[in-house]
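What TrEMBL records for this protein:
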type     : residues : note
DOMAIN   : 43-340   : domain 'Sugar phosphate transporter'
TRANSMEM : 44-65    : transmembrane segment
TRANSMEM : 77-99    : transmembrane segment
TRANSMEM : 120-138  : transmembrane segment
TRANSMEM : 144-164  : transmembrane segment
TRANSMEM : 171-188  : transmembrane segment
TRANSMEM : 200-218  : transmembrane segment
TRANSMEM : 230-249  : transmembrane segment
TRANSMEM : 269-289  : transmembrane segment
Amino acid sequence: MSRAQLTRTGILRMALGGGGADPLLPAEGGGDQRAPFLLRALRIAVVVCLYWFTSIAMVFLNKYLLDSPSLRLDAPLFVTFFQCALTAALCLGLSLGAACGPPCAGLPTLRLDPKVSRSVLPLSAVFIGMVTSNNLCLKHVGVAFYNVGRSLTTVFNVLLSYLLLKQTTSLYALLACGVIIGGFWLGVDQEGAEGTLSWTGIFFGILASLCVSLNAIYTKKVLPVVDGSIWRLTFYNNINACVLFFPLMVLLGEFRTLYHFDKLGSPSFWGMMTLGGVFGFAIGYVTGLQIKFTSPLTHNVSGTAKACAQTVLAVIYFEETKSFLWWTSNLMVLGGSFAYTWVKGLEMRKVQEDPNIKSSERNETGV
């Protein structure tokens, strides 16, 4: 979930693991297990395709909004602010629709409580760092390199788990992290050799990876404040983010940039902005669907395959030519991510099957 990009994937994953049932998602176990095999297979295929389409479309839309030569809008914080505001509005709209019956009947009522908002504020600060650094990384690097540029999330997960939670990681998982680091550095080297390297993009990619890891940790700590409700957490998080973005936009002069922006009154521009915000909101929902209909392990594997497809599509769409070593760096990152997911999945299964393992060790393996 570097395939975080969301960014919202880490939040939703924590909620699915530790919070209450999500009223917009099907029941645990992928729905009706008595359904015919072909019907269940078709459901899974549709959900996976929906996840792939939403995630890839979101990246390409954000790239257009952040760095399109035809748009020429140098206001990345405003783009992120608008998406956060739209997400908060959609959460509120779904809550108001709770009286309309299924599927909204189980949604919690949302109201702004200043005390809860203050409790969520530390997470909101990390959340702002996550979404902003993700978008700034995408602004300064190509879509094809975007996956490699922010590929160190898994490495930071292991590092922060040890530094903050005192949890160790197995040798095989550490070897997988080593492959990811090697792929990252090889990718940076090849981008430099091709003359397309942006150290600004690399910096924000590393920062995004760190913030995604911190976001998962803080989410787990803050969820009890909102009674384990992912919708309340998303609402408060994005409301706080909107407030915090204002002084940042003033400090960086983005309001002046918007004042001189020649397409500010263009319906097509606002249509693309709205579409990008809707996709940003939808990625959390379709991620939850994929996890529910398959499993967390399958979701991570699907995310790795999606990243590969996204890279290939970007190279084709932008008509880029990449070297063998550049492709090797991508394969190392994807292979290392897949290997880490597979190793942690096997370890988790072993823990669940062994009744003699202590609960603390269960939690340690499951992080």
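Cβ atoms here come from the backbone N, Cα and C positions, even for glycine.
In TrEMBL, annotation is done automatically, which means it is predicted and not curated.
Sequence-remote contacts of a segment are chain residues at least 6 beyond its ends whose Cβ falls under 8 Å from one of its Cβ atoms, and for the transmembrane segment (44-65) they are 3, 5-6, 30, 71, 73, 79, 135, 138-139, 143, 146, 272-273, 275-276, 279-280, 282-283, 286-287, 289-290, 293-294, 302-303, 306, 309-310, 313-314, 317. Highlighted: of the candidate stretches 77-99, 120-138, 144-164, 200-218, 230-249, 77-99 has the greatest count of Cβ pairs under 8 Å to the transmembrane segment (269-289). Ranking 77-99, 120-138, 200-218, 230-249 by CB pairs under 8 A with the transmembrane segment (144-164) puts 200-218 at the top. Packing against the transmembrane segment (77-99) from elsewhere in the chain are residues 24, 62, 65-66, 105-110, 131-132, 135, 231, 234-235, 238-239, 241-242, 245-246, 248-249, 252, 254, 257-258, 273-274, 276-278, 280-281: each is 6 or more residues past its ends and has a CB under 8 Å from a CB in it. If you look at the transmembrane segment (120-138), the same-chain residues 6 or more away from its ends with a CB under 8 A from one of its CBs are 4-7, 59, 62-63, 66-67, 76-77, 79-80, 83-84, 146, 149-150, 200-201, 204-205, 207-208, 211-212, 214-215, 218-219, 221-222, 225-226, 233, 236-237, 240-241, 244-245.
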